[in-house]
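Read the structure below first, then the notes.
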Amino acid sequence: MAGTMDRLEDCNSPETSGTAGDALPSPRVYARRWVFLLVVSLLSCSNAMLWLSFAPVADTIAQHFFLSMDQVNWLSLIYFVLSIPFGMAAIWVLDSVGLRGATILGAWLNFSGSVLRAVPCLPVRIPSPFAFFMSGQSLCALAQTLVVSSPAKLAALWFPEHQRATANMISTMSNPLGLLIANVLSPALVKKADDIPMMLGIYIGPAALACLLATVCLWESVPPTPPSTGAANSTSESFLRGLKLLIQNKAYVLLAVCFGGGIGVFSSFSALLEQILCASGYSNEFSGLCGALFIVFGILGALLLGLYVDRTKHFTEATKIGLCLTSMTSVAFALVSQLQGQTLALAAICSLFGLFGFSVAPVVMELAVECSFPVGEGASAGLIFVLGQAEGMLIMLLLTALTVRRTGPSFSTCQQGEDPLDWTVSLLLLAGLCTLFTCVLVIFFNTPYRRLEAESGGSSSPTMCARDPRTVSPTQVPPLETPGLTPPDEALKEAPGPASVSKGHSEWAETMPRDV
């Protein structure tokens with residue numbers, strides 16, 4: 001079994017590329033990269049389930065535990081609050097301690113938080129259930145800072161160039177998959193207040209499994225040899241130096257601020273969907289269905305778009321088109337969600353909102369790495385996440401603050417005794433912010449693909465497994481001056497011996513953080 005997992009795949013396959021003439025060993029891939037991807041994906045899915053588990057049944061939770069809706073909303077908001085200060089620490093952990101150590105730490109935090117949330121449901125009297133809910137959610141929020149920054153780094157360190165976007169898509173879309181499960185599972189499980197303990201207990205299961213697999217199955221942060229030329233240099237900058245380079249990179253800052261705002265819009269939409277729709281007369285089950293459609297079509301779109309950009313490398317074009325379509329859909333949702341009886345229209349709009357919006361998330365993470373190379377993937381993806389959470393917290397607070405109580409006839413299905421909220425102004429603001437971020441990104445964002453250019457320039461053999469001629473620098477080089485091609489009479493002089501290959505292997509290992 002171990003021999004199969006450690007088997008190097010043949011260089012003639014599309015999964016390996018490299019030359020014997022480089023100082024570093026020839027790029028190779030390992031089958032056990034899929035195990036790492038499975039663990040990270042399961043952990044991300046479980047963490048998202050825990051984040052959104054209260055939101056689809058917010059009114060029932062508030063009624064059973066004598067909480068206000070503001071308190072229930074804070075169980076989601078705490079993810080935003082803690083991600084801002086601890087997100088930077090998570091970036092340091094990923095780039096300094098290593099991917100394996102960060103994943104194991106995140107798994108244990110996630111599992112501990114899931115258990116702590118269930119304490120108020122024990123058969124003994126708990127004086128302050130909200131304190132346990134908040135403590136458990138806080139631990140899960142700390143785990144999220146480590147989880148969401150991992151996909152880009154995992155893809156870069158373990159996967160070859162033509163699989164990076166797909167690997168990033170799988171691990172990134174595991175998070176909305178968790179949101180989907182929570183949107184469907186929570187309303188299905190909680191028909192009455194007595195069902196809440198069962199719901200909280202079920203959510204412990206995936207967290208426990210992810211913790212077990214992370215502890216037992218992850219052996220190292222990086223493979224023995226890099227899967228691509230760019231992987232060997234991906235963490236060449238120190239943590240503080242990398243952050244400085246990111247802040248000075250205008251294209252990256254623009255991408256981070258605009259897409260961070262998009263993350264905030266989508267996070268607020270997911271957390272508040274049930275409250276928005278119940279005020280217009282829609283049931284919790286229908287709200288869960290809309291949330292499920294939102295995520296299912298998002299995952300489908302991400303799969304198709306990930307495969308497309310893996311082949312074409314059209315990161316910028318795919319991002320801009322996807323965000324434009326997302327903005328138009330957000331306007332439609334703001335208008336239709338305030339009407340009664342529009343179940344088919346709302347279901348279609350939520351499906352399109354997810355299809356266009358969620359699908360660009362893994363593409364943007366790859367684009368962030370491309371425009372910020374050689375800064376570490378943990379820093380480039382993590383900083384976008386931190387900004388997204390900060391903007392998401394501000395947007396969510398602003399949306400809830402702008403709501404007012406309806407005084408006229410009501411079709412509300414919300415279970416609280418107070419008059420339902422009017423979300424009209426809040427939803428128009430949400431659509432306006434989504435459109436603003438999109439316009440700024442479409443008009444002003446442009447960047448070269450630095451990592452692809454570095455890998456193209458570093459190829460020293462015509463047999464390198466290049467995926468597409470459009471991925472190289474547009475500058476044409478005469479055939480006799482192609483970088484890396486050695487005249488036949490000098491080939492033997494420059495071919496490295498075993499010592500030089502061993503030295504290159506050592507240099508790759510020394511640039512990577514140690515396992516913990």
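Backbone N, Cα and C define each Cβ position, glycine as well.
Values in this document were obtained by computation on a predicted structure and should not be read as measured data.
According to Swiss-Prot, the feature compositional bias 'Basic and acidic residues' maps to 1-10 (among others).
Sequence annotations record features per position, and here Swiss-Prot assigns region 'Disordered' to 1-22 (among others).
Annotated transmembrane segment per Swiss-Prot: 34-54 (among others), in sequence order.
Feature annotation from Swiss-Prot assigns transmembrane segment to 74-94 (among others).
Per Swiss-Prot, transmembrane segment is recorded for 104-124 (among others).
What Swiss-Prot lists as transmembrane segment is 139-159 (among others), and the listing cites sequence analysis. Same-chain neighbours of the transmembrane segment (139-159): 29-30, 33, 36-37, 40, 43-44, 47, 50-51, 78-79, 81-83, 86-87, 89-91, 93-94, 99, 102-103, 105-107, 109-110, 112-114, 116-117, 165-168, 171-172, 175, 221-223, 226-228, 230-231, 234, 362, 365-366, 368-369, 376-378, 380-382, 385, 512, counting only residues six or more beyond its ends whose CB sits under 8 Å from a CB of the stretch.
Within its own chain, the transmembrane segment (170-190) is flanked in space by residues 37, 40-42, 44-57, 60, 147-148, 150-151, 154-155, 196, 198-199, 202, 270, 273, 284-285, 287-289, 291-292, 294-296, 298-299, 302-303, 306, 354, 358, 361-362, 365, which lie at least six positions past its ends and keep a Cβ under 8 Å from the stretch. The annotation transmembrane segment is assigned in Swiss-Prot to 170-190 (among others).
Same-chain residues lying 6+ beyond the ends of the transmembrane segment (199-219) with a Cβ under 8 Å from its Cβ atoms: 32, 35-36, 38-39, 42-43, 45-47, 49-50, 53, 57, 100, 103-104, 106-108, 110-111, 113-115, 117-118, 121, 185-186, 189-190, 515. Taken from Swiss-Prot, the feature transmembrane segment applies to 199-219 (among others).
Per Swiss-Prot, the feature transmembrane segment maps to 253-273 (among others).
Look at Swiss-Prot and you will find 289-309 (among others) tagged as transmembrane segment.
Residues 262, 265, 276-277, 280-281, 301, 305, 349-350, 352-353, 356-357, 359-360, 363, 411, 423-424, 427-428, 430-431, 434-435, 437-439, 441-442 of the same chain lie 6+ residues outside the transmembrane segment (321-341) yet bring a C-beta within less than 8 angstroms of a C-beta in it. Swiss-Prot lists 321-341 (among others) with the feature transmembrane segment, giving sequence analysis as the kind of evidence.
What Swiss-Prot records for 344-364 (among others) is transmembrane segment.
Among the features that Swiss-Prot reports, transmembrane segment is placed at 382-402 (among others).
Within its own chain, the transmembrane segment (425-445) is flanked in space by residues 251, 254-255, 257-259, 261-262, 264-265, 268-269, 276, 316, 319-320, 323-324, 326-327, 330-331, 333-334, 337-338, 395, 398-400, 402-404, which lie at least six positions past its ends and keep a Cβ under 8 Å from the stretch. According to Swiss-Prot, the feature transmembrane segment maps to 425-445 (among others).
The annotation region 'Disordered' is assigned in Swiss-Prot to 453-516 (among others).
Annotation comment: Swiss-Prot describes 504-516 (among others) as compositional bias 'Basic and acidic residues'.
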Residues from the same chain, set at least six apart from the ends of the transmembrane segment (382-402), whose C-beta lies under 8 A from its own: 70, 73, 76-77, 79-81, 83-84, 87-88, 90-91, 94, 145, 148-149, 243, 246, 255-257, 259-265, 267-268, 271-272, 364-365, 368, 423, 425-427, 429-430, 433
Within-chain partners of the transmembrane segment (289-309) [C-beta distance under 8 Å, separation at least 6 from its ends]: 56, 165-166, 168-170, 172-173, 176-177, 179-180, 183-184, 269-270, 273-274, 277, 315, 318, 322, 346-347, 350-363, 366
Contact between the transmembrane segment (74-94) and the transmembrane segment (34-54) (at least 3 Cβ pairs under 8 Å, separation 6+): yes
